[in-house]
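Colleague: Take a look at the following structure, please.
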Amino acid sequence: MVSEKTMAERVLALMGRPNNIRNIGIIAHIHHGKTTLTDNLLAGAGMLSEELAGDAMFTWWHEQEREREMTIYGAAVSMVHEYEGDDYLINLIDTPGHVEFGGEVTRAVRAIDGAVVVVDFVDGIMPQTETVLKQALREYVKPVLFINKVDRAIKELQLPPNKIMERLAEIVVGVNDLIERYAPEEFKDKWKVSVQNGTVAFGSALHNWALSVPYMQKTGIGFKQIAEIYNTAADAKEIRRRVWEIAPLYRVVLDMVVRHLPSPKEAQKYRVPKLWHGDLNSKYGKAMLEADPNGPAVAVVTKVIVDKTSKQETAIARVWSGTIRRGMEVWLLNANKKVRLQQVGVFKGIQKIQIEEAKAGNIIAISGVRDLQSGETIVEPEPDGSKPNIPPFEAIKHIFDPVVTKAIEPKDPRDLPKLIEVLKLIQKEDPTLKVEIDQESGQILISGLGDLHLEIVEYRIKNDFKVDIITSNPIVVYRESVKGQAGPVEGKSPNKLNKFYITVEKMPDELYWKLREKLLKGELPEGKIKKMNEDIIKHLMSLGFTREEAQRCKVIYRENMFFDMTRGIIHIGEVIDMVMDAFMQVMDHGPIAWEPCIGLIVKLTDAQLHEDAIHRGPGQVIPAVREAIKLAMKDAGLVLYEPVQVILVDVPPDYIGDVTALINSRRGAILDIQTEEDRALIKAKVPVREMIGFTDTLRSATSGRGVWYLVDQVYEPVPRELFDQIVREIRQRKGLPLDADIV
């Protein structure tokens, strides 16, 4: 192993050479070998002994990860690789493959410019491969491909070389189909991977070898020599030693990374315009486009880690321009406050090496600041110390919404303040976790992406932060909407001196999906539109709205839209903000069961306002608009939607009957069944309400041999025969009237 001092010195020397930096992530489906690959890359860079690689799981910094044998939290590590006589700094982030931790992938891809996509030779492309690659491409991250577990083809499946080549070609075609589908238009062809040009490598992370065409051409080492070692070696240890000598994995993969993935200098030219919507001709825009270390400092936090004993927070951040220095004062644009950066460091796995400064293009660790959140933009103050007038980077978007909620309380009521503090800390680390305190009942609700997500949060509260808790059974989050359209419906203020006229209609499905995609890409803002501009108008018109409608769009909230279509109403400008607040309140709590609304277009078409401002304050305007929206929704035909998960179940063929019966017993529908010799893939749709406890039931139905993966999440109307029962359950739980209308 290289001594820490030597490694630290080499890292520091390279931090000022942006052309020699590669910020990369390893992304893949769960259990396809990402973390083992990471360990072997570290061993090759001299940061982990070769004997330990693969067993050490260097980036698994949380005991939950070791127990479950999967990466939950994206860890960061810096290492040095020599290529063609020059040193390169590789900043690497290991990301989870389990879909319930997809938020970690979303945040990690903001920090990186390139990704090594790992695909299992036997499994091929799986649902999460598609999800994580889609997330990376959406953030303008360039991929290369590593096909792992080729050792299984030789030892286990005993495939002849021509069959192995056929399978490799199949995987390459599949990955390129995904790149064609999800890559930005200008990179659809440029970013396709190819065995010939060296953007594809294949090998075994377990046995620590890899091959690529450039490596084979350079060394004369080929598949034949590897197969020979497998056929003659006495045991796995001998295989590892001998293949390492002729085709070391780290050299082949990191050579591919250096040669084919972009430096920050190159990547920021096309990434900054997509991720930051400020003036590219300003001093900030120019500095970020060039990754200029002498420009004003701008960095973005992509993750916050909380130490379970000291509660100290460490933020992982990408420096986009300028130089971040220890002890410097900076502005946090989202939090709107000035703070001092106490410590700056780089990661060596879990360990931090303290440094004095970090220049543009680097991934760093910042400690000693309590107000950093994932997605925060850090900016150097203006020369007079004031806050720069620039927008923050666009918010980091997550593909799936939280759909499962639990009520949580401390066993000992005296631990309540501690529990609230712990939840705030965990939420900083994991923004996909939603924490709400019901203002009326005082009940604390935590919402996550599924059963497993909440289980891990509970484990951390109990074991890391030592708070004993009681949790309720999981509760599913529903959505409210309408069947058709209605209005204008009148809403009167309590003093009867103001009237508002509202129409409500269901968003057409095609429009809804296009809107969702634009929100995920950051092309449209979420919330009140503070400043309408030509870009927003164009994106709204591309959804099918007229120019006039687009100009009058005031709010996009929870995938619902609000338009002010009034003309010539005196004083409307003074109350429109309250009208928007009322709209957002109803979108948070709909009329059926106080669940959030989805897919609605709400328009204010007319209003009659009292001339005296004292008679049209929030206490008059907000109830009137709320009433009008809820009555219009009722007239348009109320619908309750439930979250439905599209899943893929992977089982031996003998269990197809048991699994289809299990899915059918949970109101599921089979969409597709594909069978191979030793496995069957069953694609199905199952309501989230019925998915609770599914993992354990599947395990017992298949003698522990069945696993399932989340492919997608959609909302579908609750069946008519269950509507009354579900509404009653929700209302009862929330302490709402069981039969009366909630308006």
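Placed from the backbone N, Cα and C atoms, the Cβ positions cover glycine too.
Straight out of Swiss-Prot:
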DOMAIN    19-265  domain 'tr-type G'
BINDING   28-35, 94-98, 148-151  GTP binding site
MOD_RES   His615  diphthamide
Colleague: Report the member of Ala28, Val150 (the binding-site residues) whose C-beta atom has the most other C-beta atoms within 10 angstroms.
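Modeller: Top count of Cβ atoms within 10 Å goes to Ala28.
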Colleague: Could you tally the C-beta atoms, other than its own, that fall within 10 angstroms of the C-beta of His615 (diphthamide)?
Modeller: 14
Colleague: Taking the Cα atoms as reference points, how far is Ala28 (GTP binding site) from His615 (diphthamide) in Å?
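Modeller: The separation of the Cα atoms works out to 59 Å.
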Colleague: Please work out the mean pLDDT for the residues of the domain 'tr-type G' (19-265).
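Modeller: Mean pLDDT, the domain 'tr-type G' (19-265): 80.
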Colleague: For Val150 (GTP binding site), which of the three DSSP-derived states applies: helix, strand, or coil?
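Modeller: DSSP call for Val150 (GTP binding site): coil, neither helix nor strand.
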Colleague: Rounded to the nearest angstrom, how far is the Cα of His615 (diphthamide) from the Cα of Val150 (GTP binding site)?
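Modeller: Here the two Cα atoms lie 75 Å apart.
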